[in-house]
Amino acid sequence: MLVNEISENEKPREKLQNYGIEALSTSELVALIIETGTKTESVLTIANRIMMKFKHIAEMQYASIEEFQLVNGIGIAKASKIMAAVELGKRISLVTEQKEIVIRCPEDAVKLVMPELAFLFQEHFHCIFLNTKNQVIYRQTIFVGGLNASIVHPREVFRLALRKSSASIMCFHNHPSGDPAPSSEDLLVTKRLAEAGNIVGITLLDHIIIGKNKYISLKEKGYF
């Protein structure tokens with residue numbers, strides 16, 4: 001079905017005007033971003049195809065421009081628009097979080113990262129950087145890929161922590177299997193991070209492993 005065959009009230013732009021932005025599905029939001037379809041496919045068809053490729057919306061923030069272009073109907077112009085929209089959303093989210101969020105317990109931190117990490121198909125190592133009042137001052141994904149001691153080097157983590165004048169950090173990574181039970185490599189990485197933190201004077205408050213709607217705090221479990 002092409003856009004001109006869609007009921008006027010059901011077109012994304014008209015739907016937004018009539019019912020508000022909250023009434024739009026994720027695919028319809030993507031359709032608004034990419035704006036046009038092709039000669040043979042509507043913009044909504046292409047938007048739905050994008051959402052089928054990225055099973056969870058959080059995956060889009062880690063996709064490269066080449067990955068978006070693998071979707072039939074998406075060229076460099078449309079891929080660039082999607083990436084710009086995703087990046088804008090990330091920056092708005094970070095500014096909001098940094099002004100408002102204080103981490104008092106592992107659950108507070110998990111609420112920040114669970115939506116992003118729980119449904120990814122690759123392991124992502126993510127850090128939250130805090131000030132002396134345990135307020136979030138910055139957060140960033142540091143590594144992508146299998147977590148092991150040769151990849152996750154404390155130097156990279158604490159270089160950024162020092163640059164942000166952090167008093168402490170919390171580290172997270174996801175298990176794509178959904179099971180947050182720690183591996184021997186997870187424990188080795190945690191030990192090295194805690195030791196490096198003691199040397200530079202920046203405390204590793206916790207290393208939390210994210211599974212499917214569940215997590216394990218290595219600090220609470222007494223692993224370090």
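Cβ atoms here come from the backbone N, Cα and C positions, even for glycine.
According to Swiss-Prot, the domain 'MPN' annotation covers 102-224, on the basis of sequence analysis. The DSSP breakdown of the domain 'MPN' (102-224) into helical (H, G, I), extended (E, B) and coil residues amounts to 39 helix, 36 strand, 48 coil.
The motif 'JAMM motif' feature in Swiss-Prot is assigned to 173-186; the stated evidence is sequence analysis. For the motif 'JAMM motif' (173-186), same-chain residues at least 6 beyond its ends with a Cβ under 8 Å from one of its own Cβ atoms are 117-118, 120-126, 147-149, 207, 209-212, 214-216, 218, 221, 223.
The feature Zn(2+) binding site is assigned by Swiss-Prot to H173, H175, D186.
Most buried of the binding-site residues H173, H175, judged by other Cβ atoms within 10 Å, is H173. Within 10 Å of the C-beta of D186 (Zn(2+) binding site) there are 23 other C-beta atoms, taking all protein chains into account.
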